[in-house]
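A.B. asks: According to TrEMBL, the protein has these features:
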type	residues	note
TRANSMEM	40-58	transmembrane segment
TRANSMEM	74-97	transmembrane segment
TRANSMEM	109-126	transmembrane segment
DOMAIN	112-199	domain 'CAAX prenyl protease 2/Lysostaphin resistance protein A-like'
TRANSMEM	188-209	transmembrane segment
TRANSMEM	221-241	transmembrane segment
C-alpha cells in the first residue's frame, strides 16, 4: 500500500538523522579524532539501522541477494554501461568545475586499510541497500519506473556532495539504479558499485589524495572515455540491428513495501 511506502521513506530519514546524532555523541564520548574512523562509525550505525528497519517490517532480502547467479555476459554488459555513463558524467564535471583539492591520506598502513574498508567494502553494501533496495523499491511503488530511477539516482548523487562530486557520481548512480531496476539483483548492484569504488580508491591513493565514495577519474580518462563512448554507440547499434542484444530480464517481486494489494 502507498501509505506504507511513505511511512518507510519517513522511517529511513529518521534512521539517518538518529544515526548522525548517535555518531556525534559517540565521537564526543570516545574522543575519536580520526576522520576515517568517524566515517566508518557512521556507516556501520546507518547500515545497522537500515537492516533493523527492513527486518522489523518482515522484509528480509535473501531473495534479491540471490536473484542472479554468476552470469559473465550480464556482468560485462552492466560494467561496460556503468563505465561509459560514469566516464561521461565525470568528464563533464571536470570540464565544468575543474579540479577540486582533497585531503591527503597519511602514509600510514592502517589509514589505507580503513579507507579501503570504508570505500570499497562498507560503502557499496550500505548504499545499495539504502538507495536501491530500500529507497528505489518504495519510490517505485509511488511513481513509475522512469521517474523512480531518476529520483533515486539524483538523491544518491546529491548525498555524495554538491557541484563536481554530485555530477561525477551521477552516471554511476543512474547506471546502477537502472541495472537494479531491470534485474532486481542486489548482488549485481553491490558488485558494480564496489568495482568502481575500487577503481576510484586506487586512483586517488596512487595520487596521494583521499579516497571518496564518489568516483574520481584521472584526466587521461577523458580521451579514452569519449572514444569508448563513440565506439560503444556504433557497436550497440550494430548489435541491435543484428538482434544480438539480449535485454535484462526483470524479476518477479521485490523487497520493500511494493504490495499492490490491501
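Backbone N, Cα and C atoms are what each Cβ position is placed from, and that goes for glycine too.
What TrEMBL says about a protein is an automatic prediction, not a curated fact.
Walk me through the surroundings of each of these features.
C.D. replies: Within the chain, the transmembrane segment (109-126) has long-range Cβ neighbours (under 8 A, six or more residues past its boundaries) at 34, 36-37, 39-40, 43-44, 46-47, 50, 190, 193-194, 197-198, 200-201, 205, 210-213.
For the domain 'CAAX prenyl protease 2/Lysostaphin resistance protein A-like' (112-199), the DSSP counts in helix, strand and coil order read 76 helix, 0 strand, 12 coil.
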